[in-house]
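Visitor: I'd like to ask some things about the structure below.
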Amino acid sequence: MEQPQPQNPDQETGKRSSIFSPLHVAHKVKQNLVFRSKWAELNGAMGDLGTYIPIILALTLSKNLNLGTTLIFTGIYNFVTGSIYGVPMPVQPMKSIAAVAISNPNFNIPEVMAAGICTGAILLLLGITGLMHLVYKLIPISVVRGIQLAQGLSFAMTAVKYIRKVQNFAKSKAAGDRPWMGLDGLLLALICACFIIIVNGSGDESENENREIDLEMDDLNRRASKMRKLRKIIASLPSAFLIFLLGLVLAVIRGPKAVKEFKFGPSSIEIIKISKNEWKEGFIKGTIPQLPLSILNSVIAVCKLSTDLFPNKDVSATSVSITVGLMNVIGCWFGAMPSCHGAGGLAGQYKFGGRTGGCVAMLGLAKLVLGLVLGSSLVRILDQFPVGVLGVLLLFAGIELAICCRDMNSKEECFVMLICAAVSLVGSSAALGFLCGMVVHLLVRLRRVGDGQSWSTFWFH
């Protein structure tokens, strides 16, 4: 039998150096940013705005967040993560920190930035030491699906509130029922929702392909051929982009004075000064509730979902944890909103056609241009944007994330997933839902020990 040739250490060193050579890196970035379809990627870029705009707008109005700086930094984050991962990796505000800031009058920008820096530093440490990879391997898929289901349903329920109720983002409260008619009426939101359903359907590509094959077999029938062509034209429409464009036009019509008050040029970027007490308040009130959500939804759930949607792409828990950490350890010092990745944003961008890193890179460039050209004055237009339209985009992003849980085939997995999701929703805490899910998973597995299953394999099998 032929013996394998021993590896030459010089050859291995050469391989490693070639991987990190500028030429190889440039080729990898080019591959990650390639567009599968320009219109599809542009449409996919709109899929995360239903989450991004309301939170950023609320913090800008209530806490005087520097919108221009946030747009510049999140634009850079979008472009860099798209280049690294080659998937539509979203950049979203940290929701728990944002919720504390909006609801607590004493939790201001220095505390927000302190919370973001502390959260980022911990995630960076978990990534560098490899502990995040260990956590990723130990958490059962049924618990992850429970967190995803809860997050998806939470997005969907928030979206329905946006559609049904007039929102006061500055106070984070509803201001009565939304009227049927008007430039931000209930009828407009329902028409937008119907338009997305007609164009995108359930988003099942394989189902659409099968239908096209069936129609191609019936090419002799002229009516079937015409219907197939019509459906292809409808399916090719960038539904989310068109709806967002409609929203911008309506925002300009609703607030003509806002356009006249535009101030061209970027907002001033300054280093945020944080006192000892602000560090303490930021960590206790911001970092502690945000950290479990960041680990579970921004890292673990994102990696699982990326593996499901893009099995050929390498999106590791270690790298995602490091990129989220670096984003906040750097950007928060300059007043950029604490940011993370999110499974809901990834699902939303995938729902509307995002398939490559070019999707978020394009969104990042748009944010960067807006931040440099208009700065914080853009908030006047965003404040007039039809909230019902944003609710529609958020609704389909949430549903797409919840649908990812359909791969739970056994009753045992569904049992753990639903308990985890129910506790997360009712308790409004992903950490509490995660804890209950892990305990239930452990108890269910313990019942099977001695029934042909060993102690060494009971956790995963």
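Cβ coordinates are placed from backbone N, Cα and C, and glycine is handled just like the others.
Keep in mind that this is a model prediction, so the values were computed, not measured.
Reproduced below are the annotations present in TrEMBL:
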COILED    203-230  coiled coil
TRANSMEM  71-91  transmembrane segment
TRANSMEM  112-132  transmembrane segment
TRANSMEM  138-160  transmembrane segment
TRANSMEM  180-199  transmembrane segment
TRANSMEM  233-253  transmembrane segment
TRANSMEM  359-379  transmembrane segment
TRANSMEM  385-403  transmembrane segment
TRANSMEM  415-444  transmembrane segment
Visitor: Would you mind listing the long-range same-chain contacts of the transmembrane segment (180-199), meaning Cβ under 8 Å and 6+ residues beyond its ends?
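Guide: Here the qualifying positions are 163-164, 166, 234-235, 237, 239-240, 242-243, 246, 250, 253-254, 386-389, 391-392, 395-396.
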Visitor: Please tell me whether the transmembrane segment (359-379) and the transmembrane segment (71-91) touch - that is, whether there are at least 3 C-beta pairs under 8 Å between them, with each pair 6 or more apart in sequence.
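Guide: Output yes: the transmembrane segment (359-379) sits against the transmembrane segment (71-91).
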Visitor: Using a Cβ cut-off of under 8 Å, list the residues of the same chain at least 6 residues beyond the transmembrane segment (415-444) that approach it.
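Guide: Hits for the transmembrane segment (415-444): 139-140, 142-143, 145-147, 149-151, 153-154, 289, 292-293, 296-297, 405, 408, 459.
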